[in-house]
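> Mind having a look at this structure? Questions to follow.
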Amino acid sequence: MAHDMRWCVGLMTGTVLDGNIDVALLQTDGERIGAFGPHALYPYDAGTNALLKQCLSAAQTWAFNGPEPAIFAEAEARITRAQSDAVACLVETAGLSMRDIAAVGFHGQTVLHRAPAPGRLGQTRQLGNGQDMARRLATDVVYDFRSADMKAGGQGAPLSAIYHSALLDTLDNAHDTAILNLGGVANITARDARGMLAAFDTGPANAPINDFVVHRGLGEMDRDGQLAAQGRVDDARFSTALRHPYLSRPYPKSLDRFDFGHDWVADLSDADGAATLTAFTASAVGRGLDLLPVRPTRLIVCGGGRRNPTLLKMIATYAKVHVDNAEDWGWEGDATEAQCFGYLAMRRLRDLPVTFAETTGVRAPMPAGRIAHGSSPG
């Protein structure tokens, strides 16, 4: 039975803390993609972004031991207010009203993610108050997408596989194609000819490269991969890094943005350090492809890392795969993650599963997220 296509709004702020709120409209029934709507980046004010960076630092010290850092409450209130305003602004700009919106998918800001280990469930913390957002927008808000999966033994990530599958449905002969998202970490979604999904974090992506550039006082990121392009990969350190046990570990598996750092290139030059970190990210993608039952021959890349041509060239070289940008296929590469959470919000309203044994390792397929009901606008 076909269900009506409805507009949903998705929100995402990544762990690289680029200072922006990603917000996107998507028309969907929770299974198919009806239309891509407008999307936008709304910057946090400088104070909020600085506060979130303090939260990441506090979360590392906290490590799920004892009471949460007090700073979380202030940050949660500020980002909920800012992201609510971003939703309202995008909806108005699109010529819609909140009455036209079925739900908002509010991921929140991840400050800490600890994957499960033998004998221990995983834990995760995203800052964001879904109840407050629902009250502000007078619209249903789906939030806290990861906790239930982790309490049931799953990795809590990646959540994007089912949306990536819907994107692959828009292509012909997609069985040889996988989707690679390059955010703070890199995650991949592949689907075989029978429609079976596999998804996992392959390794680091932008986070350690950005952190290295910031540490060297060279800005916020390696813009366009220019620094890495000037450097040479340190073969000895590169070879040692490739022996990291995570790379050969069977999926499902997930990472926190701090699981891979940049200390191991500390004594290299700026350019050589950036080149070596970038090559490691690219090779980790290749190692991830090697774990799949059928190795894809093409990657469609979304997320901020797709704007780094040096990284994309290295992925093609080290991972031995054809690399396309999301825009090459008519997708919105900057909006993919935000669109995903709009899609997941609609799936939650319909109680459709989001996580699976092949994606997060949870034993049985599960819906994701809690629903905060908003009253109709008056």
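Note: Cβ is positioned from N, Cα and C throughout, glycine not excepted.
Below are the features listed in Swiss-Prot for this protein:
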type: BINDING; residues: Gly14, Thr15, Val16, Leu17, Asp18, Gly19, Asn20, Ile21, Asp22; note: ATP binding site
> Would you mind checking how many other C-beta atoms are within 10 angstroms of the C-beta on Asp22 (ATP binding site)?
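That number is 25.
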> Determine, for the ATP site, the additional residues of the same chain whose CB lies within 8 Å of the mean position of the CB atoms of Gly14, Thr15, Val16, Leu17, Asp18, Gly19, Asn20, Ile21, Asp22; present them in sequence order.
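Same chain, not in Gly14, Thr15, Val16, Leu17, Asp18, Gly19, Asn20, Ile21, Asp22, Cβ within 8 Å: Thr13.
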